[in-house]
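One structure below.
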Amino acid sequence: MSTDSSDLFGALFEAPPANRTVPVLVPMPAPRPYSYSVPEGMAVEPGSVVQVPLGPRQVIGVVWDGVEDDVDPKKLRPITHVFDCPPLNKEMRDFIDWVAAYTLSPPGLVARMALRAPNAFEPEPMVEGLRFVGGEPERMTPARARVLDTAAEGLSWTRTGLAHAAGVSTSVVDGLIARGIFETIFLSPPPVVAEPDPDFIGSRLEGPQKEAAEEILDEVRKGEFAVSLIDGVTGSGKTEVYFEAIAETLRRGKQVLILLPEIALTASFLERFQDRFGAKPAEWHSDLAPRMREKVWRQAVTGEVRVVAGARSALFLPFENLGLIIVDEEHDPAYKQEDRVYYNARDMAVVRARIGDFPVVLVSATPSVESQVNGQSGRYSTIHLPTRFGDAALPDLHLVDMRRHAPERGGFLSPVLVRAIGKTVEKGEQALLFLNRRGYAPLTLCRVCGHRFQCPQCSSWLVEHRFRRQLQCHQCGHSEPTPEACPECGTLDHLVACGPGVERIAEEVERHFPDARTIVLSSDIMGGVKRLRLELDAIAKGEADIVIGTQLVAKGHNFPLMTLVGIVDSDLGLANGDPRAAERTFQLLSQVTGRAGRTGLKSHGLLQTYQPQHPVMQAIVSGDARAFYEREISERERAILPPFGRLASIIVSADTRHDAENHARGMRNAAPQVSGISVLGPAEAPLALVRGRHRFRLLVHGRRNSDMQAYLRAMLSQAPKERGSVQVQLDIDPQSFL
DNA sequence: AGCACGCCGACT
DNA sequence: GTCGGCGTGCTC
């Protein structure tokens, strides 16, 4: 065929110049990319961030790899716009595809997680600045002289900045610009954070910490995929150890991502980082100001930002050249995202490192059973840090057998614990009472007819919040004012609160210690995060004697004067039907008791329990977690894993018919042969976890993603009865698919 | 996911 | 008589 455009004959008989078409991932639950045509003169490549028409609106999409499908060419619409933004690299695209396949999520929705920065796709606007050209104005005035003096002290100034610094109004500066003394230049906007310096201060590690750091540094120097698990008690210097891995990665010119559970992303963490590197990392989390969000996203893609510390969503930032991921508090359930795309950021971090061929470091004082198993099998290299750093001593921990040390009638604190609190407060030290239960009482009933207050929407008990005079459902958020009469029998003033919440413990504490300064900390304190930070600071400064808190006191915060930790109900959570109940309890209790004794003061922990022989209790007081993990691993193998050696847990949720069909389609497309799936059906499933709406949870054995899909296909034959959709959370060890 | 369309119940 | 609830269908 002729390529000579002057050949009229050829031109007439050739097809009109067919526009190139490309696959584009759009932010909607389609199983694969849509095809769009590329207008003449537009340059796109896989990874390009584009704007495309979708139905009535314009959406952000990403040009994808692969061949276009055979969609009716008449339906093809052109790409509207290509953003002036570095394309998502192959590594990122592979990661998105992998996560989509693994989580059975539409790839477009996974891609969308990487593009969560609405206005960041065009370059940041240049900042207008002034440059001193030279010369002097014909008429020199005192104000003008001041401006010239001031300008000489710096290299570049903004118009208002210079005026402000010189103490004159902007019109003086404008006058000098008009006379050509200054010229306007455009500067690239300042980086969002200063560049961290790996050698800002040298490593101060010694002994086991130094050895641990060396081990990880070896991996970092190799610069290949490797998973290390740092397993060390609270205060053992885990952070300092992984800081060295970060330093080495920075020296190698690569970017670093530090993942933290949202709640651990505190000012004190950022300051620790700054002390070591001379600058803070960029932050990434859900309530980052939009402007900042854009900047961080943009500077992550361009490689300007070297270190990002973020919550799980930071894992989907399209870094330019990521070279290390740290997953701190690796065991934390907050790494699981449980809506839209279901994923565990810890596992996906391992996957991202594998795809990018760089090291990943998991860090925890109480590793997840999964990571522990991977450590034992040699898939992860484990680094133990058994001792505390510096002068911090671990607290002395004791169990209080509640059968022998019963609390007084109507109370929940044993005499042993009450005495210990008294002594602590006398010495001017602080006591922490931990109870993982918000509100006043978890159950309210009528003494006359036995009526129990239940949530009208989801059938779980309503929790009394006496302070707010409300009954609340902690499952679905429903709340109603606390009535005075029983709605069943109408009797007045015969409602009785059953069991303790933090508010009720506070009441008891005030009865025992009316003069002590008491603070209750739970997620429903008024005033939000800001207020919480203030309270935490106040506590750290010693402005409280007794702190009563739920799990939010367990994370990240150091209270230097805290020398007593009392766990009001250590057994809470052991019997809620969750297969991870024991593990979670162990982790939580370790974290809470670890709050004490971090500055060298002799400290104690008292754990009230009705099950002193329980392996969790034994592990906590002995400080020897090994036996506990051994038991936990074999327990899980026995209960769930035997034929296949992997655990999968699936949440099937029933919401709308529409979603059910979408997922069904996806699964039908995928499902190859099935090998042995056994089901612990809804009856055995830990309902407590997902109580509410039309949800139930299922545990399934299977080795492969396809097993899950096949199972779900079977499941669908029942799903219509539930009027529902099927959403899936795969909670399998992702390494089995690498 | 978002958005439009369309069909039935309580109000300006 | 309309407003608005959500059930349904559609998007290259």
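Every residue, even glycine, has its Cβ placed from backbone N, Cα and C.
Per TrEMBL, Zn(2+) 1 binding site is recorded for A:CYS446, A:CYS449, A:CYS486, A:CYS489. Following the DSSP three-state reduction, the secondary structure of A:CYS486 (Zn(2+) 1 binding site) is coil. Counting every protein chain shown, the number of other Cβ atoms lying within 10 Å of the Cβ of A:CYS486 (Zn(2+) 1 binding site) is 21.
Cβ neighbours within 10 Å of A:CYS455 (Zn(2+) 2 binding site), excluding its own Cβ and spanning all shown chains: 22. Annotation comment: TrEMBL describes A:CYS455, A:CYS458, A:CYS473, A:CYS476 as Zn(2+) 2 binding site.
What TrEMBL lists as domain 'Helicase ATP-binding' is A:219-385.
In this structure, A:CYS449 (Zn(2+) 1 binding site) belongs to neither helix nor strand by DSSP; it is coil.
Between the alpha carbons (Cα) of A:CYS449 (Zn(2+) 1 binding site) and A:CYS455 (Zn(2+) 2 binding site) lies a span of roughly 18 Å. Cα separation, A:CYS446 (Zn(2+) 1 binding site) to A:CYS473 (Zn(2+) 2 binding site), rounded: 18 Å.
Each of the binding-site residues A:CYS446, A:CYS449, A:CYS473, A:CYS489 was assessed for Cβ neighbours inside 10 Å, and the highest tally belongs to A:CYS473.
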